[in-house]
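Undergrad: What TrEMBL records for 12-34, 46-67, 87-110, 131-152, 172-194, 233-253, 276-296 is transmembrane segment. What TrEMBL lists as domain 'G-protein coupled receptors family 1 profile' is 25-296.
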Amino acid sequence: MSVADVVTQINRYFASSIFIFGCVGNILNILVLSQRTLRSNSCASLFLGSSIAGLCSLIAGLTPRMLNGIAVDLSETNQLLCKFRGFTLFTSRAIAFWLIMLATVDRWLLSCPDAHRRQFSTIKNSIRNTAVVVFLSIIIHSECFYCYSSNLVNAPSKCFSNGIGCRLTNDMLFAVCAILIPLCVMTTFGFLTLGNIRRARNRVHSGQISAMSQIKITVAVRSKRLKKTDHRLVTMLLVQVVLLAMFTIPSSIEKFYSTLTANVVKSASRAVTENLIYNSALLLTYLANGMPFYVYTLSGGSVFRKAFFDLIRTTIRKVIGR
């Protein structure tokens, strides 16, 4: 089996598996996070928005790959459909990752000992921030309507960025805006949140005021414990950040490599090998979009699982009631 055949099989079967499990997981996420017990939580609302965006990115990105060699992909020949698909894919991906980033910041705010900072962790602010992220993602990736073209020959896909300039722009926007910046922010605020959680346990701190009188006083500070739901959401978030890094960094490295070697003349075997690496790294990013439900179920403790089972019981009652 040639390398080109391996690429075809990966696109067909691995992509299909990610699509099925990812779509089912994101749909269940949307249903669970929309329940009354979670929808009023600022972090859960960001998870909800990220799941919706992740579902859109899976549909826009993986459907053409699964149709390769089986059925006709209209986006490969229809110019308008191709541009809309590229725009939807990049926009929804950026939204999904940026909302997880905002959820990390939200958990840090909630875990802060400063009451003023904790006041910023509200459902109103999360909705407002979601709207800002959606707006910025639409503006940033509107270039897809100019850059994306159908019926391309020398490209990883017939529906792809047309020209070196457009490919460099798309690659850098995806690598920097959708992967590196969110990961850096997630990592930073993830560590800050862990630090706040450690300090949030009942501890007595001694403070010394050595002004003119050099009087020593001991100040007892008892930090407010995070609610059980918030603790579980922090765990879910941190696990997801680690997995996001594992699944998206390879694609970011591949994008930088493609940019640096854009003008290098490559042999046929090297081009095929790089295409295999490109497709494998890209599919890992789709895996990042499809994994949240399974991460939440395993790491969310009784909070998320209880909401999930409540959803199942409610659905069964409605079906039986009919």
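First residue shown is number 1, and so on along the chain.
Note: Cβ is positioned from N, Cα and C throughout, glycine not excepted.
Just so you know, TrEMBL annotations never went through curation; they're auto-generated.
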Undergrad: So which residues does the transmembrane segment (12-34) touch in its own chain, when a touch means Cβ under 8 Å and the partner is 6 or more beyond its ends?
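TA: Counting only partners 6 or more residues beyond its ends, the transmembrane segment (12-34) has Cβ contacts under 8 Å with 44-45, 47-48, 51-52, 54-55, 58-59, 62-63, 65-66, 68-70, 283, 286-287, 289-294, 296, 304, 307-308, 311.
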Undergrad: Do you know the mean pLDDT across the domain 'G-protein coupled receptors family 1 profile' (25-296)?
TA: 82
Undergrad: Between the stretches 87-110, 172-194, 233-253, 276-296, which one has more Cβ pairs under 8 Å with the transmembrane segment (46-67) than any other?
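TA: Per the Cβ count, the answer is 87-110.
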Undergrad: Considering only Cβ pairs under 8 Å, which range in 87-110, 131-152, 233-253 makes the most contacts with the transmembrane segment (276-296)?
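TA: That would be 233-253.
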